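Notes follow once the structure below has been shown.
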Amino acid sequence: MLRRKTSAGGSQGYHSLARSISGDTRHFLDGVGSGSVQPLREYALPFAEKRRLRAIQEANIKYLSNWQQWRQTTRKSMRKYIEDTKELSSYLELWRHDIRSIEGKFGTGIQSYFSFLRFLVMLNFVIFLLVFSFITLPNILFRHDVVNGSYVKLSLERTELHCTIYQVTRTKGLTYFYSYLIDLLSGTGFLEMTSLFYGYYSVDTIHLGHLKYQVPLAYLLTTLAYLSLSFVWIVKRAVEGFKQSLVGSEDQFQSYCNKIFAGWDFCITDVNAAQLKHCSLQYELKTDLEEERLRQKVAERTTQEKIRIYCFRIFLNAIVLAVLAACFSSIYRATVYSQENISNDSKTRFEDSLLVQYLPSMVITIANFIAPLFFSLIIKFEDYSPAFEIRLTLMRCVFVRLANVGVLLFSLWTRIKSCPDEKCKACGYNYKLYPCWESQIGQEMYKLMIFDFIIIFAITVLVDFPRKLMVTHCSFKAFRWCGLQEFAIPDNVLDIVYGQTICWIGTFYCPLLPVIATIKYFLVFYIKKISLMHTCKPSARPFRASSSNFFFLVVLLIGLILAFIPVGLSMTHIPSSKACGPFVNFQHSWNILYHTINQFPDMLQKTLYGIGSEAFAVPFFMVICLVMFYLVALAGAHKRVVNQLREQLALESRDKLFLIRKLTEAQRLR
């Protein structure tokens with residue numbers, strides 16, 4: 001009884017102490033009384049106050065019940081275990097030392113690019129493990145008689161015989177040595193029927209005891225799984241970056257204060273990088289003042305001036321559309337020419353055959369190089385603010401890079417769907433030119449991936465290093481004026497986003513493309529690191545890490561969404577090849593889902609078809625809209641509260657200035 005009274009009295013004493021104070025101390029003491037206290041280091045309190053609260057916490061332990069003491073001890077042990085695990089995993093993190101050294105010499109902006117590159121390496125490696133485990137490994141085990149199963153059996157009653165003929169190029173007779181090199185670079189010949197491409201996967205069912213593993217179903221579901229996994233992973237990281245970017249979306253006055261009082265990057269240790277940061281902060285302040293001047297200039301424009309500027313912008317955008325149309329037309333014509341002139345003759349010259357194979361890739365690379373230069377030149381005449389100029393130029397570059405891949409696929413699918421006679425219409429696609437069209441699209445994606453890496457390596461070795469040598473060791477003024485190559489973060493990000501979009505699109509047709517992308521980005525990391533350390537200088541207008549990470553992920557998310565479109569259309573609208581692959585018995589690869597659902601019990605079939613019907617989709621869409629409306633309204637309410645709190649802080653600061661002024665006047669009167 002005495003202990004119970006003491007416990008109650010002690011608890012009341014702590015609650016009375018909690019009521020006499022405010023803020024974090026009150027919150028901590030409330031947790032002490034209930035036994036659910038957070039770590040003391042998470043509170044923003046002075047050290048003396050933390051020592052006093054630590055003593056109170058230790059004195060309060062004897063007043064807790066056995067259950068509360070066990071909970072508190074368990075919580076501390078679990079928290080320490082999690083912290084130790086995170087600390088150990090940080091030491092095992094890929095390129096941890098390299099990225100920290102880059103951060104120390106060049107700041108967090110360039111460090112964010114290499115962290116983004118590491119994220120893509122991990123993402124592609126996880127996609128490779130997913131595809132290899134559920135698609136490639138079962139086929140390899142069956143072909144080596146490790147497990148029992150069966151191949152896909154084509155029903156000739158529903159398929160014409162001429163649609164099933166498929167002969168791999170350059171696999172018979174005497175071949176020259178350089179033909180193997182062409183096959184290695186283009187994915188043809190001996191690589192065409194390996195596990196690298198779609199045509200290899202002709203296994204239907206694998207028997208695992210009493211279980212049956214349906215490889216076609218696993219192929220489709222794995223494709224949906226890696227796309228969904230990429231979407232969730234990117235959105236999760238983007239939300240974290242968006243929270244940080246909201247901090248930078250304050251008004252101009254707070255932006256000036258942040259740049260002046262909190263703009264320095266304390267990760268910089270290199271003298272040259274520190275001088276560059278000084279210039280960068282000075283440039284940002286000049287840019288803000290220039291934007292203020294431009295806003296004032298825009299507000300003072302007359303109606304006649306506005307009409308003139310808008311007409312000129314329309315004219316310039318028409319020129320931009322014309323450039324895009326020229327790029328798209330060139331890619332379309334190059335693809336058609338390449339597909340028409342790919343020769344199966346082994347006596348064709350090495351240079352001619354390789355040039356024809358890589359003609360679409362080269363045209364796409366030239367378009368990706370010329371169009372951004374033109375966009376950056378024409379944007380100067382559109383009279384936009386500097387910040388909007390950068391955003392608009394970047395969005396145009398993103399569009400032209402990703403749209404070029406779309407035009408390539410469109411030109412291929414146009415030829416695949418073109419049927420000159422009745423035999424072709426019976427197959428649903430041009431079986432003469434594309435007997436296994438999925439593998440041939442996979443070859444195009446494979447060539448784009450290989451050629452993109454060759455271009456990155458060639459620019460570093462043949463352009464950046466010679467430029468460094470000329471600027472350093474030559475005394476000509478032209479070389480001095482040219483200067484070192486700047487490490488342009490947006491351009492480098494667009495390069496790897498372009499390659500990642502190719503990987504997402506091509507994995508359905510080339511299942512081992514993620515491991516190629518993993519090796520590619522692994523090598524690109526060291527290529528870019530060497531280039532940064534020895535041949536480049538940081539950009540004169542670096543990005544902050546918070547805004548950079550969010551921007552990179554938004555651009556990557558755009559690439560992923562655009563990758564959904566061609567993959568989804570090929571699954572649902574283009575007939576599957578009847579000569580190769582796991583879907584030869586289905587009109588479209590998507591039909592494997594309906595075939596699987598029809599084998600379920602009747603009740604489960606009705607449930608699944610009901611979920612996919614309009615009767616379920618319309619109410620579900622309405623509920624989602626109501627939830628979104630509620631979240632938008634809640635966000636608006638929170639924003640208004642934040643604005644009110646900012647106004648209160650401003651009023652409190654003015655009151656303090658008023659009191660200080662009055663106190664100063666009173667001291668003067670004395």
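Here the Cβ of each residue, glycine as well, is placed from N, Cα and C on the backbone.
Taken straight from TrEMBL:
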DOMAIN    436-546  domain 'TMC'
TRANSMEM  116-137  transmembrane segment
TRANSMEM  180-201  transmembrane segment
TRANSMEM  213-235  transmembrane segment
TRANSMEM  314-335  transmembrane segment
TRANSMEM  355-381  transmembrane segment
TRANSMEM  448-466  transmembrane segment
TRANSMEM  504-527  transmembrane segment
TRANSMEM  548-569  transmembrane segment
TRANSMEM  616-637  transmembrane segment
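Nonlocal intrachain contacts for the transmembrane segment (448-466), taken as residues 6+ away from its ends with a CB within less than 8 angstroms of a stretch CB, comprise 185, 358, 361-362, 364-365, 405, 408, 485, 495, 498-499, 502-503, 506, 513, 516-517, 520, 523-524, 527-528, 530-531, 534-536. Contact counts against the transmembrane segment (548-569), taken as Cβ pairs under 8 Å, peak for 116-137 among the stretches 116-137, 314-335, 616-637.
In this chain, the transmembrane segment (213-235) lies close to the transmembrane segment (116-137): three or more C-beta pairs between them fall below 8 angstroms, excluding pairs fewer than 6 positions apart. Confidence across the domain 'TMC' (436-546), taken as the mean pLDDT and rounded to a whole number, stands at 81. For the domain 'TMC' (436-546), the number of residues in each DSSP class (helix H, G, I; strand E, B; coil) is 85 helix, 6 strand, 20 coil.
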